[in-house]
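K.L.:
Questions regarding the structure given below will be posed in turn.
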Amino acid sequence: SSTCIPSGQPCPYNENCCSQSCTFKENENGNTVKRCD
């Protein structure tokens, strides 16, 4: 029903991503955020 989250966008869970994979990544500010792979 809901559209999947594209690669590189913030995500809560793996299932939300088009790739079915949401992992912690470091951004420019050095903060760690979960984004779709």
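Backbone N, Cα and C atoms are what each Cβ position is placed from, and that goes for glycine too.
It should be emphasised that the depicted structure is a prediction, and the values quoted were computed from it without experimental measurement.
Sharing the feature lines straight out of Swiss-Prot:
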- CYS4-CYS18: disulfide bond (DISULFID)
- PRO10: site 'Critical for insecticidal activity' (SITE)
- CYS11-CYS22: disulfide bond (DISULFID)
- CYS17-CYS36: disulfide bond (DISULFID)
- ASN27: site 'Critical for insecticidal activity' (SITE)
- ARG35: site 'Critical for insecticidal activity' (SITE)
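Each of these features: where is it, how hidden is it, and who are its neighbours?
P.N.:
For CYS18 (disulfide bond), the same-chain residues that are 6 or more apart in sequence and have a Cβ closer than 8 Å to its Cβ are CYS4, ILE5, PRO6, SER7, CYS36.
Taking all protein chains in view, 13 other C-beta atoms sit within 10 angstroms of the C-beta of PRO10 (site 'Critical for insecticidal activity'). For the recorded site, PRO10 (site 'Critical for insecticidal activity'), the DSSP three-state label reads strand.
Of all the Cβ atoms in the protein chains shown, 23 others lie within 10 Å of the Cβ of CYS11 (disulfide bond).
A strand conformation is recorded for CYS36 (disulfide bond) in the three-state DSSP classification. CYS36 (disulfide bond) is surrounded by 21 other CB atoms, counting those within 10 A of its CB over all protein chains shown.
Under the three-state DSSP scheme, ASN27 (site 'Critical for insecticidal activity') falls in the coil class.
For ARG35 (site 'Critical for insecticidal activity'), the number of other Cβ atoms no farther than 10 Å from its own Cβ, over all displayed protein chains, is 19.
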K.L.:
Have a look at the recorded positions CYS17, CYS22, ASN27, ARG35 and say which one has the shortest Cα distance to PRO10 (site 'Critical for insecticidal activity').
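P.N.:
Result: the closest of the recorded positions to PRO10 (site 'Critical for insecticidal activity') is ARG35.
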K.L.:
10 Å Cβ neighbour count around CYS17 (disulfide bond)?
P.N.:
22
